[in-house]
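Asks: Below is the structure I would like to discuss, written out as structure tokens.
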Amino acid sequence: MTKITVFGMGSFGTALANVLAENGHDVLMWGKNQDAVDELNTCHTNKKYLKYAKLDVNIIATSDMTKAIQFADIYLMALPTKAMREVATQINDKLTSKKTFIHVAKGIENGTFKRVSEMIEDSISPEYNAGIGVLSGPSHAEEVVVKQPTTVAASSKDKSVSKLTQDLFMNDYLRVYTNDDLIGVELGGALKNIIAVASGIVAGIGYGDNAKAALMTRGLAEISRLGEKLGADPMTFLGLGGIGDLIVTCISTHSRNFTLGYKLGQGESMDQALSEMNMVVEGIYTTKSVYHLAKEKNVDMPITNALYRVLFENISVKECVKDLMERDKKSE
């Protein structure tokens, strides 16, 4: 039995906390919202994010950062990308011993263009860092928490961290493969959110299966181009952390990125869509980061460029689709 602290009480962190508890581990969740903490401790639910799920009664929650830090030597970092550096820094300020960090965030930091593992590495002093890994792949929290068969990938620069992650999470409904390409797995999880928003737009406009298939295929191509430029193995993008995550995020209404895109395709403004969703949509921030990163690295990413124009320059979605279709003739 292993003690694990889960930082973050969103949908995926909650679903994975439930997996860990059902696997026999001691789980403490940390969150800032005292009402959510009290609800989990009293009712064993987290209705804001997983409305109908009844959680393992052995999961406990706290808003006390010191208690959360002292509880375990393994931390599951289930926070939005934009909050990761701040919380990791707060953790570091209170550490007195080495900890292992496993994150499930799917984004790239605005401004620095850093992957999440790099953000954590920046924030945690080397003397307290026992290793950093990621768990990623096609895994909607709504399905994981009700034990629908799900398969994901664990990756780290340290193979022992990948193996630890596999051992902690794997059971009869959650299968975990290890993968040595940390860069590729992290980029696959982050970049697919851009394509998922675009896929939602295509669906919201009412375009057919031909357009959806083309978008995912060409989206995977530009993900691979940037990934290879940044040091990833292109083959990673044909695995769970790449095309697997891309497919599930581009076709499902469980996906908040797809849902945002769908609302935009239906004619809603971004502010209106986000106010209705009341959730963090990583694809917005990732699009901003990757748009500038691709320009810096001189990588052609036409779908990302088009989505950036929709999200940040108020260009109409139909105009951007027209521009994509009328690009210069090229070989595939």
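A Cβ is built for glycine as well, from the same backbone N, Cα and C atoms used for every other residue.
Just so it is clear, the model here is predicted, and its values are computed rather than measured.
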Asks: LYS106, GLY137, SER139, ASP245, SER255, ARG256, ASN257 show up in Swiss-Prot as binding sn-glycerol 3-phosphate; which entry in LYS54, LYS192, LYS297 does that record put in the same site?
Replies: LYS192
Asks: What does Swiss-Prot list, out of ALA61, ALA72, ALA141, as binding the same NADPH as SER11, PHE12, LYS32, LYS106, ARG256, VAL280, GLU282?
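Replies: Among ALA61, ALA72, ALA141, only ALA141 appears alongside SER11, PHE12, LYS32, LYS106, ARG256, VAL280, GLU282 as NADPH-binding in Swiss-Prot.
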Asks: Give me the long-range Cβ neighbours of ASP245 (sn-glycerol 3-phosphate binding site): same chain, 6+ apart, Cβ under 8 Å, in sequence order.
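Replies: For ASP245 (sn-glycerol 3-phosphate binding site), the qualifying residues are LYS106, SER136, GLY137, PRO138, SER139, GLY188, GLY189, LYS192.
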Asks: According to DSSP, does ALA141 (NADPH binding site) fall in a helix, a strand, or coil?
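Replies: Its secondary structure by DSSP: helix.
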Asks: Does anything in the same chain, at least 6 positions from VAL280 (NADPH binding site), have a Cβ under 8 Å from its Cβ, and if so what?
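Replies: Result: GLY10, PRO80, LYS82, ARG256.
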Asks: Just name the most isolated of the recorded positions LYS32, LYS106, LYS192, going by other Cβ atoms within 10 Å of its Cβ.
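Replies: So among LYS32, LYS106, LYS192, the recorded positions given, the one with the fewest Cβ atoms within 10 Å is LYS32.
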Asks: List every residue in the same chain as ALA141 (NADPH binding site), at least 6 positions away in sequence, whose Cβ is under 8 Å from its Cβ.
Replies: SER11, PHE12, THR14, ALA15, LEU16, TYR49, LEU50, HIS254
Asks: Hey, of the binding-site residues listed (PHE12, SER255, ARG256, ASN257, GLU282), which one tops the CB count within 10 A?
Replies: ASN257
Asks: Using a 10 Å radius around its CB, how many other CB atoms surround SER139 (sn-glycerol 3-phosphate binding site)?
Replies: 24
